[in-house]
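Colleague: Supplied in structure tokens, the structure appears directly below.
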């Protein structure tokens, strides 16, 4: 079964590289295409994937914030939050194009 997955990933990447003259160029990889690329890049060592979970409790019972509270909080912490937020593989390779070297960062 694993051989078929690797063969499928190889065929996919060959098809993508034949369309794109520069196969080493960063590409958008989403969903099954991203998983196939990780299988191909990481090989037998495999890769790790830790999907984000929604751990916030339901907040429907809390009153909504006023416009001033929201504006001040967003303005005060916007830059800091963007700096400390770690980019996941979806943000790095699906929302933006990534290279094979960036994919290797997710191998075990």
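Using N, Cα and C of the backbone, Cβ positions are placed for all residues, glycine too.
Here's the feature list from Swiss-Prot:
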DISULFID  93-98  disulfide bond
SIGNAL    1-21  signal peptide
Colleague: My understanding is the cutoff is Cβ-Cβ under 8 Å with a sequence separation of 6 or more in the same chain; which residues meet that for residue 93 (disulfide bond)?
Modeller: 28, 29, 30, 34, 37, 102, 103
Colleague: Taking the Cβ of residue 98 (disulfide bond) as centre, how many other Cβ atoms lie within 10 Å?
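Modeller: Around residue 98 (disulfide bond), other Cβ atoms within 10 Å: 22.
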